Amino acid sequence: MRIVLLTGFEPFDQDPVNPSWEAVRQLEGVQLADDVQIIARRLPCAFATAGARLAQLIDELHPEMVIATGLGPGRSDISIERVAINVNDARIPDNLGEQPIDTAVAPDGPAAYFTTLPIKAMVRAVRGAGIAASVSQTAGTFVCNQVFYLLQHALAATAVRSGFIHVPYLPEQVTGSQRPSMALETMVAGLHAAVLAAWQTPVDAKEAGGQVS
């Protein structure tokens, strides 16, 4: 069986749940084709251990595609990331109490890595399912960006395609506030559409997905 590895994060910043994992775990075992299956795994939300855990999973599972996901506070849609940057600049401590500021993700690495996923086709597929989606130009500077960067760094010399998706809060996480959210079933459907499009699309669509600022 060929494997697509899909990851989400454990809860952080005193939240009891992380929607990325709650959504990803629903896709465990889903088949994208007769011989292609999603394997879902959870990553720690910690600079010291997240990348190592992801590397371990890649070594164990030998996936043909890897898509990491995480919570994007303030996001209102399925946000498919374009680029990871070589900087850690944590606004809050991670789950091990570490808060790196202006440090390199990989001192020997380039300034940035682009995703190798067909992000325009993925956005089109999610929107085609009636779910809000967009290409995102920044994955932040917390553990999500670090994992995204380390993922691309690890697979840069391989044929394994990889990238990162941010998801919104769940409605129950933002009760009484004006912050955007997305129902879990909608999130799951959006991720499924995105992952399926990523698997089925060898060459990305040529259409606008940028931002003015």
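All positions are counted from 1 along the displayed chain.
Positions of Cβ are set from backbone N, Cα and C atoms, glycine also.
From a predicted model like this one, the values you see are computed outputs, not experimental measurements.
For Glu81 (among others), the entry in Swiss-Prot reads active site. The secondary structure of Glu81 (active site), as reduced to three states from DSSP, is extended strand.
Listed in sequence order, Phe9, Ala68, Gly70, Leu71, Gly72, Phe164, His166 are the same-chain residues six or more apart from Cys144 (active site) with CB atoms under 8 A from its CB. DSSP assigns Cys144 (active site) to a helical segment in the three-state reduction. What Swiss-Prot lists as active site is Cys144 (among others), and the listing cites sequence analysis.
In this view, His166 (active site) is surrounded by 24 other Cβ atoms within 10 Å of its Cβ, with every protein chain counted. Taken from Swiss-Prot, the feature active site applies to His166 (among others), supported by sequence analysis.
Cβ neighbour count for Glu81 (active site): 26 (other Cβ atoms within 10 Å of its Cβ, all protein chains included).
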